[in-house]
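Since the structure comes first, as structure tokens, the remarks are kept for the end.
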Amino acid sequence: METKDMMMTSMLTMDKGENEGERDKEREDMGGEDDGTQRENGRLMLADGLADRGPKSMTSGSGQQVSNGFTTSTPQSPRESPGTAACAAGTASGPGGGTGSSAPLGGLRTLMVQQTSLDRPRETWSKKMDFLLSVIGYAVDLGNVWRFPYICYQNGGGAFLLPYLLMAVFGGVPLFYMELALGQFHRSGCISIWKHICPIFKGIGFAICIIALYVAFYYNTIMAWALYYLLSSFRPTLPWSTCTNPWNTANCNRYMSSDHNVSWSNTSTSPAEEFYTRQVLQVHLSPGLHELGSISWQLALCLLFIFTIVYFSIWKGVKTSGKVVWVTATFPYLVLLILLIRGATLPGAWRGVVFYLKPDWEKLLSTTVWIDAAAQIFFSLGPGFGVLLAFASYNPFHNNCYKDALVTSSVNCLTSFLSGFVIFTVLGYMAEMRQQNVDAVAKDAGPSLLFIIYAEAIANMPAATFFAIIFFLMIIMLGLDSTFAGLEGVITAMLDEFPHLLVKRREWFVFGLVCVCYLGALSTLTYGGAYVVKLFEEYATGPAVITVVLLEVIAVSWFYGTNRFCNDVQVMLGFYPGCFWRVCWVAICPCFLLFIIISFLAFPPEVRLFEYQYPPWTTVLGYCIGVSSFICVPAYMVYYLLNAKGTFKQRLLKSITPVPSGDSHRDFIVTNAV
């Protein structure tokens, strides 16, 4: 047997005539705990106060299962009537929390005996704030800074906030809440959790792990670019502020309103653009994806340093990463506040804010706006990557994950909104200095918005070196905690699936995983690496992860059952999810995700980077990369049905029948003591 359980049973003799001193002495013999309190491993627990913590669905009956892993067993003595055991369990805790209500039983009190395991107890967060900061750090990433502001002004400014909030309330937040509740109840990673929900969907967990690897292949390269900028910032004159560097061309123009002798033409390029494309990326040395060129050794060293930080932050588990996020999750907010104050004091800042928030209500009639709103809130909150399941699995069983979901998702959305002011106050300043419209300045999206437009604006500010250092340090911090989270999702999944093989070798497994991620990222460090990053971003993760989450919602709501899931939530939190959440999980969330998938298939993105137009064969390559992760789902279904025993009907029934998660949390047996 993989797990050996010990049943601790005891008989506690209590007489109504005993004085309070004797009762206190017996309580001390049991560990000095009060009747309704708990210790972490192996103790007796008096049922007084059970009503305060337990679910209202716990009733009498021999061996009745309350939820996955929670059973009641009430053996009756010959002297008891059939209702005695239930009475003892149900009335031991009276309104006053004492034992007066059990007087008719002649001093009988109900004991709950805990079943413990000889296996190593599951690791937990040191503090509640470690968990919250980890989730916030995961959700608030680079996309909040560059993607949301750009999408907002492109889709109607202030009018975009309406579809964004609607998609958040009816789609994003319910998915976020569902994943936190699933992870906390079953205390498992994204692979092993499926045997407790719907075993035939276990392939979803493997697909999630592959998607997380694809993200690690390109996402950390962006941090390597930021590190290159950071190291280049430690000099009096920033290298992207002049046109006198070896990498500059004859078209380089430092065009500001103070430069009266400089004329700007359609062929002109800014020094910030040439530093980014010709010095950092060196894309001019690669004609396209068909010929990537050699690896940039500078970026290879930068990425090696990034992965070194990642390894030593997550190698010991959430005990170490939970401490690191106190810096990586909070520092960006300090920098955003500093940059917001600085941006608001720049000339022309108001022009950028007006451009950012001026509503264009007619754009709400366009389907594209609603597609962008749904995609933005989905990728911003980040369900489906296995991270929320992993983080929540390290929570105490009765942690209020409902409140956590509301708090962290609200912080994420507000951070996106705040980032818009930080970006557009500076874009307004750039428009004022160039004597152009804001839309002419804000034509770049994605990383170019940060590494070209914002970097150039910083270079023209007073104290440019200081602002450049803190800005690119913020970019690195935003990326680091998202990487911590993504890899922790994979690590937790694998350790829970293969505990006897990997649990005692966690450090070596994490080292191997980081090495695989580094080797997989080498293609993004070539001269044409930026083209690879764009390809991965557009095809490798987006459609695949949305499809995976759609199947996850269907498996939980329709196969596992919304009622069963809501009962699980009630066991944990003490209250039953409301009608709004149940409707969202059953109907609205699947429609929300299906809407994004159909929109992506109906309107495939036109992939373009700088002057390079991606050829048709790259689209096929992109879809193949995306399908390579999703194929795990049908492949595992076939594998499961072929290896199960019995008739096809029996196999099918077994494949959708959840296994009680008795190993996920402790079992409680209710017994009587005389």
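For all residues, glycine too, the Cβ spot is worked out from N, Cα and C.
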According to TrEMBL, which residue among Cys209, Cys243 is joined to Cys252 by a disulfide bond?
-> Cys243
Considering only the binding-site residues Gly137, Ser380, Leu478, Ser482, which residue has the minimal Cα-Cα separation from Cys243 (disulfide bond)?
-> Leu478
Quick one: do the transmembrane segment (580-600) and the transmembrane segment (161-182) have at least 3 Cβ pairs under 8 Å, skipping pairs fewer than 6 apart in sequence?
-> yes
Considering pairs 6 or more residues apart, do the transmembrane segment (620-642) and the transmembrane segment (203-231) have at least three CB pairs under 8 Å?
-> yes
Ser482 (Na(+) binding site) to Cys252 (disulfide bond): how many Å between their Cα atoms?
-> 36
Na(+) site, defined by Gly137, Ala139, Val140, Asn144, Ser380, Asn412, Leu478, Asp481, Ser482: further same-chain residues with Cβ within 8 Å of the Cβ centre = Ile136, Tyr138, Asp141, Gly143, Ala329, Gly382, Thr415
Spatial neighbours of the transmembrane segment (539-560) not adjacent in sequence (6+ beyond its ends, CB under 8 Å) are 175, 178, 182, 194, 197-198, 201, 204, 207-208, 211, 214-215, 218, 375, 378-379, 383-385, 585-586, 589-590, 593-594, 596-597, 600-601, 619, 621-623, 625-627, 629-630, 633, 656, 658
Surrounding residues of the transmembrane segment (203-231) on its own chain - C-beta under 8 Å, 6+ positions past either end = 142, 189-194, 280-281, 298-299, 302-303, 305-307, 310, 384-386, 447, 451, 455, 468-469, 472-473, 475-476, 479-480, 482-483, 486-487, 489-490, 493-494, 497, 516-517, 520-521, 523-525, 529, 532-533, 536-537, 540-541, 544-545, 548, 551-552, 555, 625, 628-637
